[in-house]
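Features as listed in Swiss-Prot:
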BINDING   S19, K20, S21, T66, N91, D106, Y219  shikimate binding site
ACT_SITE  K70  active site, proton acceptor
BINDING   E82, G130, A131, G132, G133, A134, N154, R155, T156, A157, S158, K159, M217, G241  NADP(+) binding site
Amino acid sequence: MTQQTPDQYRVFGNPIEQSKSPAIHHIFADKSQQNIDYQKQLVDTKDFSNAVADFIRHGGKGANVTAPFKEQALAIADELTERATLAGAVNTLTFKNGKIFGDNTDGEGLVQDLITNKVILNESRVLLLGAGGAARGVLLPLLAQNPRSIVIANRTASKAATLCQHFSDIRLSASGYQDLEQQHFDVIINATSASLSGNLPPIPTSLLSQNVVCYDMVYGKDETPFLKWAKEHGAMKVIDGLGMLVGQAAVSFEVWRGVTPEVQPVIDKLRASLK
């Protein structure tokens, strides 16, 4: 009996060398008996749509998209999910019946990781740090978990206000970092890239207490500066973004293959490889 040719998937980005997506998807495929081949592909910043078209021509079934191409992926999609439209970005493309379908699984990945870590979002007061693409990408799935309120805080408060208007939900409000002093939150999510450069968002330590959960979308071998700071100032629980990375990949895999993969073994494996 001849081995069937595996279905082809890609992750497009620039840079792309650091991507863990191929490893994650191959573990998912292995555990769920799915015959796929998933590779990373470096794409010139001006050549994204050509790279996608070329991949489709060669029989590609789907692709993940990472920086700096998520907005371009949105532009080339023929059809979009609501979460992709509101996120203003696409990280998952499916090629079917001559059409390109765009989705965004980042927010779902975050929410699933919070739930796995037993973080209660229902009726919680959530503080979302940052008003860029990462924050925008997770708002719809966060709102679907029925929080009491979400405050979007940003260095430039007007940018946070614009994001609130974009979603027009009464549970959303905007703030500058300097205006957070007297406020209380149950969950603080860092959607800034500050941790990547070893920095902290300038937020007051008065926000932290024994009842606060702090989540950083960034992850690494060591605890991120934000989580280290949160722990030092008494946060109840700190969680990094590795589970979100695996979670958003799992949702993409499900979109493509119709199979829900187990995420915990993959998180454990990646965590061990970071050590």
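Just so it is clear, glycine is given a Cβ too, placed from its N, Cα and C backbone atoms.
Positions of Swiss-Prot features highlighted on the structure.
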residue	record	DSSP (3 states)
S19	shikimate binding site	coil
T66	shikimate binding site	coil
E82	NADP(+) binding site	helix
D106	shikimate binding site	helix
G133	NADP(+) binding site	helix
T156	NADP(+) binding site	coil
Y219	shikimate binding site	coil
If you compare CA-to-CA distances from K20 (shikimate binding site) to each of the binding-site residues E82, A131, M217, which comes out shortest?
M217
Counting distance between Cα atoms, which of the binding-site residues S19, T66, D106 is nearest E82 (NADP(+) binding site)?
D106
When you measure from the Cβ of S19 (shikimate binding site), how many other Cβ atoms are you left with inside 10 Å?
19
Rounded to a whole number, how many Å is the Cα of M217 (NADP(+) binding site) away from the Cα of the residue listed as 'active site, proton acceptor'?
17
Considering only the binding-site residues S19, N91, A131, G133, T156, which fall within 10 Å of the residue listed as 'active site, proton acceptor' when distances are taken between Cα atoms?
N91, G133
For Y219 (shikimate binding site), which of the binding-site residues G133, N154, T156 has the nearest Cα in space?
G133
